[in-house]
Structures are given as C-alpha cells and as structure tokens.
Amino acid sequence: MSSLFIAGHEFHSRLFTGTGKYASADAMMDSLTASESELVTLSLRRMDLKNQTDNILKPLQQQRIKLLPNTSGARTAKEAVFAAELAREALETNWVKLEIHPDPRYLMPDGMETLLAAEELIKKGFVVMPYVHADPVLCKRLEEVGCQCVMPLGSPIGSNMGLASRPFLEIIIEQSTVPVIIDAGIGAPSDAALALEIGADAVLVNTAMAVARQPAKMGKAFRLAVEAGRMAYESGLGERRVQAQATSPLTDFLGALS
C-alpha cells in the first residue's frame with residue numbers, strides 16, 4: 001500500500017482516528033495501538049493544556065502519534081481562528097482540523113465560515129484540514145485557497161450511517177488535486193473499505209471504534225479494512241456491468257463437440 005503525503009508529512013496508515021467517546025484513556029490507547037493510526041485528532045475542549053499529565057494528551061505524546069487539534073465547538077470563523085492559535089501555542093503544531101458547526105443538534109459544518117477561517121489560518125501559516133459537507137464546489141474553493149486536504153463528511157457526525165453522501169464524494173475525489181479524507185459517519189469497517197475503494201485517500205474514524213464492545217478489536221478491524229480498500233483501489237476494480245459476462249465462455253467448446 002502506497003504512502004500518503006500531507007504537507008510533506010508521510011503517513012503509512014490511511015486510517016486517521018479520534019479520541020472522543022472512549023470509556024477510558026486505556027481503552028482509547030489500546031484501540032489506537034491496534035489500529036496503527038499515525039494521526040489522531042483531539043478537541044481542545046477536552047484537554048487540560050496546563051496539566052502535563054493530562055490522561056488523554058500524555059499517552060498520545062509518548063506514542064509519538066501526530067496530533068491534530070480540532071476547533072470543535074467553534075461557531076464562527078473568528079472563534080475557530082482563536083482556537084487554532086491556542087492549539088499552536090500549547091501543542092507546538094501548526095496543523096489544525098478546522099471544524100465550525102453552530103448547530104449543536106446536528107453538528108452540520110458551516111461552509112461559509114469555514115472558508116473564511118481557512119483563508120485567515122493559511123495566511124497565518126497553518127496546515128488547514130477542513131471538515132465540510134460533501135460539497136464539490138466548496139471543496140474546490142478550499143483547495144484553491146491553500147488547504148492541504150479536504151475532509152468531506154460521509155454522513156452526520158456520530159451517526160454511523162456510512163457513505164450517505166457517496167455521489168458527491170465521488171465528484172470531490174474525481175476533481176481534487178489534494179488528498180480527500182472522508183470524515184464523520186463511518187460506522188463499520190465495510191464503510192471504510194468502500195471509502196478507500198472509491199478513491200478516498202484516507203478516512204477518519206472515531207465513534208465506531210470508541211463505542212464498540214471491544215474497541216481494540218474494532219481498531220484492528222478498521223486497519224485491515226482500510227488496507228484492503230486501498231489495495232483494491234490500487235489494483236484496479238473491475239467495471240460494473242448491467243449484462244452478465246461469462247468468465248468461461250462455452251461457445252467454442254460446444255462447437256467442437258458437435
């Protein structure tokens with residue numbers, strides 16, 4: 001399986017993960033270890049940045065996993081930029097997952113505010129990874145202003161509904177010149193495999209791993225699914241057909257018998 005490059009950083013795993021909803025820090029680390037994920041997103045709201053022994057942050061830093069702070073909870077571009085600057089100072093990283101969702105019920109991303117924040121953050125030297133609707137026009141605009149990737153949703157956050165937005169994801173993948181990471185709604189390893197099969201460069205999974213009865217085993221399942229999906233894509237999937245096509249035609253064989 002080929003490596004993925006974002007802003008010059010090489011990732012051997014195409015499975016990115018989150019840190020929310022786990023029953024404990026130990027369960028989180030067991031799951032992440034089994035998944036072999038090399039990038040983990042985490043919310044500033046859930047961390048005690050002044051506490052060097054924070055039970056989420058410290059084990060992640062010890063594992064040398066790349067940390068991707070997110071701006072979850074921001075309702076405007078201004079709030080998102082402020083959160084990103086706090087994260088850069090506290091975690092010494094200029095990478096940020098840009099999330100702006102003013103609606104607390106459905107957590108739908110605000111595309112207009114996201115574009116405004118992305119432009120400002122890029123000017124400030126951030127590597128911006130924006131979480132957005134599966135909107136091909138918006139994703140292209142974000143690419144044009146300098147985002148290093150785009151992160152369209154498969155379905156609503158935490159819904160486990162899979163790739164409900166597949167037709168639009170396929171358009172985004174087809175026209176994008178930056179990595180496409182499908183984020184949100186991936187509820188089963190089969191969803192992750194499908195995402196990679198249709199050409200997504202990576203997926204970000206959190207809820208499906210965190211709420212599983214055995215998070216570590218689910219982490220491994222997602223790792224294998226992502227590897228299989230990417231391998232299938234790189235191998236070249238067969239074309240879908242309406243009509244049947246025999247794998248072993250009998251025409252010549254039957255003619256020789258007559």
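Placed from the backbone N, Cα and C atoms, the Cβ positions cover glycine too.
In Swiss-Prot, the 1-deoxy-D-xylulose 5-phosphate site is described by Ala184, Gly185, Asn206, Thr207, and among Gly158, Gly236, Gly238 the residue recorded at this site is Gly158.
Counting every protein chain shown, 27 other Cβ atoms lie within 10 Å of the Cβ of Ala184 (1-deoxy-D-xylulose 5-phosphate binding site).
Distance between Cα atoms for Asn206 (1-deoxy-D-xylulose 5-phosphate binding site) and Lys97 (active site, schiff-base intermediate with DXP): 14 Å, as a whole number. In the three-state DSSP scheme, Gly158 (1-deoxy-D-xylulose 5-phosphate binding site) falls into the coil class.
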